């Protein structure tokens, strides 16, 4: 291959820029032309595509968000949208594509492969909800953002003797809540994989108060309930003043951690290596310390295994 393209799609994640940088620099190193697609799959449909060079990706490894911008494309899910995208790809002579994003983006990459365009999927989502890889780009940064928020909220919670419920992202996957709760020393962690027992949470809060605890931190994944509604219920049942904090899109922003920059750089470079060999229909990821790649269909068919051992550990450490 001599001409490839890179896009970022779906929700943004810290480290996407580092992945784009790795794709562009690895491609140019191997004498490829690298095109940047703006606004995700919409950019393929609307021909929002421009050639990138070394200057295009200078000073971006430390930046959050994505310089290519991103979007969720309903049109690309239609046959007409796919026809338009395929026409643009052929007119521009693009031979392969690197798609960076979450589950929907990986499914978009699968569609491109089915249309005859070799495409590699790179996992970029703070939710860490792609089963085939241990970690996704952006997850580590998001966890660190939440841990920082926990520390700040604990300060004011202690001063006022309150309980605080901190709602974090994770509709179907509780990894952010789990790991941030462990690292932040939360008293209770509520995730969609396990569900919620409000009475159990209340009993733990009351036991802590009996021992003289001045604060209580509860981490709630958004898919397991509403922090606002739960705070009202807990306050009614315990008599402890309970406040809710919804971190929202704060978790998607900020400079990526060293771990996310390293992961993104390795995965972006591996994606280019595969395209150099005219290999498509693959995703890249990480198992332990090893960068891996596998068939997209196999990757998408895998079911996430919740880390129940770590969850049980948090219950032991939060007594």
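Keep in mind that glycine also has a Cβ here, set from the backbone N, Cα and C atoms.
So that you can see what the record holds, here are the features copied from Swiss-Prot:
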type	residues	note
ACT_SITE	127	active site, proton acceptor
BINDING	11, 72, 73, 102, 103, 104, 105	ATP binding site
BINDING	21, 22, 23, 24, 25, 154, 185, 186, 187, 211, 213, 214, 215	ADP binding site
BINDING	103	Mg(2+) binding site
BINDING	125, 126, 127, 162, 169, 170, 171, 222, 243, 249, 250, 251, 252	substrate binding site
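Taking only the Cα positions, the spacing between residue 215 (ADP binding site) and residue 73 (ATP binding site) is 44 angstrom. Residue 104 (ATP binding site) sits 10 Å from residue 125 (substrate binding site), taking the C-alpha atoms as the reference points.
Each residue contributes its Cα atom, and for residue 169 (substrate binding site) and residue 213 (ADP binding site) these two points are 27 Å apart. For the pair residue 72 (ATP binding site) and residue 125 (substrate binding site), the C-alpha distance works out to 13 angstrom.
Nearest Cα neighbour of residue 73 (ATP binding site) among the listed binding-site residues (25, 125, 171, 187, 252): 125. Considering only the binding-site residues 23, 125, 185, 243, residue 11 (ATP binding site) has 125 as its nearest partner by CA-CA distance. DSSP assigns residue 23 (ADP binding site) to a helix. Listed in chain order, the extra residues whose Cβ falls within 8 Å of the Cβ center of the ATP site residues 11, 72, 73, 102, 103, 104, 105 are 9, 10, 40, 101, 107, 108, 125. Sorted by the number of other CB atoms within 10 A, the binding-site residues 21, 25 start with 25, the lowest. Residues 125, 126, 127, 162, 169, 170, 171, 222, 243, 249, 250, 251, 252, recorded as contacting substrate, have a largest CA-CA distance of 33 Å. Most buried of the binding-site residues 73, 105, judged by other Cβ atoms within 10 Å, is 105.
Of the listed recorded positions, namely 103, 127, the sparsest CB environment within 10 A is found at 103.
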